[in-house]
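Visitor: Pasting a structure here, questions to come.
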Amino acid sequence: MENLSSNFIKDVMIKDLESGKHDKIITRFPPEPNGYLHIGHAKSIIINFGLADEFNGKTNLRFDDTNPLKEDVEYVNSIKEDVKWLGFEWDNLFFASDYFEEMYKRAVLLIKKGLAYVDDLSADEIREYRGTLTSPGKESPYRDRSVEENLDLFERMRNGEFENGQKVLRAKIDMKSPNINLRDPVIYRISHATHHNTGDKWCIYPMYAFAHPLEDAIEDVTHSICTVEFEDQRPLYNWVVEQCEMESTPQQIEFGRLNVTNTVMSKRKLKQLVDEGFVDGWDDPRMPTISGMRRKGFTPESIRNFVRETGVSKGSGAVDSQMLEHFVREDLKLKAPRTMGILNPLKVVITNYPEGQIELLDAEINPEVPEMGMRKIPFSREIYIEKDDFMENPPAKYFRLFPGNEVRLKHAYFIKCEEVIKDIHGEVIELRCTYDPLTKSGTGFTGRKVKGTIHWVEATNSVPAEFRLYEPLILDNTDEDTAEEGKTFLDNVNPESLVVLQGFVEPNMRESRPHDKFQFFRHGYFNVDPKHTTVDKLVFNRIVSLKSSFKI
Ligand code: ATP
Ligand code: MG
């Protein structure tokens, strides 16, 4: 796999190997199975797996499944599929929930050391007592319970004697700490809920801030890579590892989140788009999820190249979504066969072409890659062209078809528009053209020039196809936190993010399979949609158009 360019995390690893602090790098990718992975997660995957790989280390895929209410095996399965699809193999597959017993023991150890207590304050009271950035917190009246009482209450919490929210276990650190995370954080809560892995075995669950450092230490993770929001949690992370007397001491290192313009990048928001029907599922091609991008037609290589280009730093500005498009275009340029498709058909009858005759024209599968060989394209008296390639009363500099004008049909002949047929509403429904047999493509004809080249599909053998064209799902990059008063990111959802067109493709496309990718002449790159394609109907998702203003 391609290496990441040098960065501060890699530097730490090099230093730790050189100094002998570690003899092997162990990282983990720790998703919570409460949604599908998005392109932001791809960055975390590439950093964790990529860096460990570079140093012949190991990476665990660990499901951080400590919150039974939001988690589901559907998400577990999709995450495994997405990590593999991106091109990575985990050394171990772990579930944080498999460590519940161990975590419980460590919590008991904290209680015995006088470093944790059972609190009866309500969630609201705990928040109120916590204080603010400018004012110190206040100690809970339950803070000085004896070790014996705490041990007894904690065991009874585990045994299900209390309701949700009635009691919590808190670490006893410092209510006056300038770092709010150290003001006696809650480390266990009661939740009478069925867990996707442990079922009804537990009704108390560890909080993230307590569970995560223990998970890392249990797995001997050397470098626990996370995003910058967790920077203020690092002292608590270290406190947990130390006070719980873990043998391993992982080092937390933070990097800046990946954000991309014109989308949202949080599982909670993405779930809302799915649940409220803005999209047709987590794998809707407009979603920034790995499964959505796969369905749209992105390749693993294009995503990896994009992520590598964004680099590893502490900053987290939004990256232009056009940069993603640039990388998929680059990747498909030499891989995708070229073909022609008509998205908005207009019938053309070539009146001087022999009736009933079909000739097979030659075209390269990809002119940039001659080794890909040639394909045959049928041509006959009836073809389809794009509605847009004809204008009855064109403006100046319109070089496509109009009455009396001649254009080149890609890979075929020059045709000239002789007659326009309309329906009773005045709508153009057919063109009558003539062709010039001397102008056949590839014969070196130099008699005269035409300014326009248009694409076409032979009508009698063409295959019906649906084309799905996408625009950005989110109209600007305001997210809920910065949206105007009273508005949310949902107000920025683009109502016209999907356009569905019915057209035709060349007959040799009939054998296409889901996920086959093509470059349609003048229209861009398309992927055969795995969800909507049937034996009777091909459905193509546009991955990206041919041109972009983006330069890297
Ligand atoms: P979200 O906020 O989208 O729900 P999360 O951080 O809660 O994401 P986790 O399942 O906890 O999701 O994420 C697994 C790993 O992926 C974490 O280490 C997290 O820091 C990382 N990650 C999540 N979002 C991004 C992002 N946008 N850029 C880089 N890394 C990310
Ligand atoms: Mg999360």
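Heads up, the Cβ atoms here are built off N, Cα and C, so glycines get one too.
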Visitor: Per TrEMBL, which of 264-268, 284-288, 314-318, 379-383 is motif ''KMSKS' region'?
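Guide: Spelled out, TrEMBL records motif ''KMSKS' region' over residues 264-268, not the other listed ranges.
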Visitor: Could you check which of 31-41, 295-305, 438-448 is flagged in TrEMBL as motif ''HIGH' region'?
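Guide: Matching range for motif ''HIGH' region': 31-41.
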Visitor: Under a three-state reading of DSSP, tell me whether THR227 (ATP binding site) is helix, strand or coil.
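Guide: Its secondary structure by DSSP: strand.
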Visitor: Take the motif ''HIGH' region' (31-41) and find every residue of the same chain, 6 or more past its ends, with a Cβ under 8 Å from one of its Cβ atoms.
Guide: 63-67, 70-73, 75-76, 78-79, 82-83, 196, 257-260, 265, 267-268, 270-271, 282-283, 287-293, 303, 307, 324
Visitor: Is any of GLU32, ILE39, HIS41, LYS43, THR227, LEU258 (binding-site residues) within Cβ reach of ligand 2, i.e. under 6 A, and which?
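Guide: With ligand 2 as the reference and 6 Å as the Cβ limit, the list reads GLU32.
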Visitor: Under 6 Å from ligand 1 by Cβ, which binding-site residues from ASN34, ILE39, SER266?
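Guide: SER266, by Cβ distance under 6 Å.
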Visitor: Would you mind splitting the motif ''HIGH' region' (31-41) into helix, strand and coil residue counts from DSSP?
Guide: 3 helix, 1 strand, 7 coil
Visitor: Looking at the binding-site residues GLU32, ASP64, which one has the fewest other Cβ atoms within 10 Å of its own Cβ?
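Guide: The binding-site residues GLU32, ASP64 were compared, and GLU32 has the fewest Cβ atoms within 10 Å.
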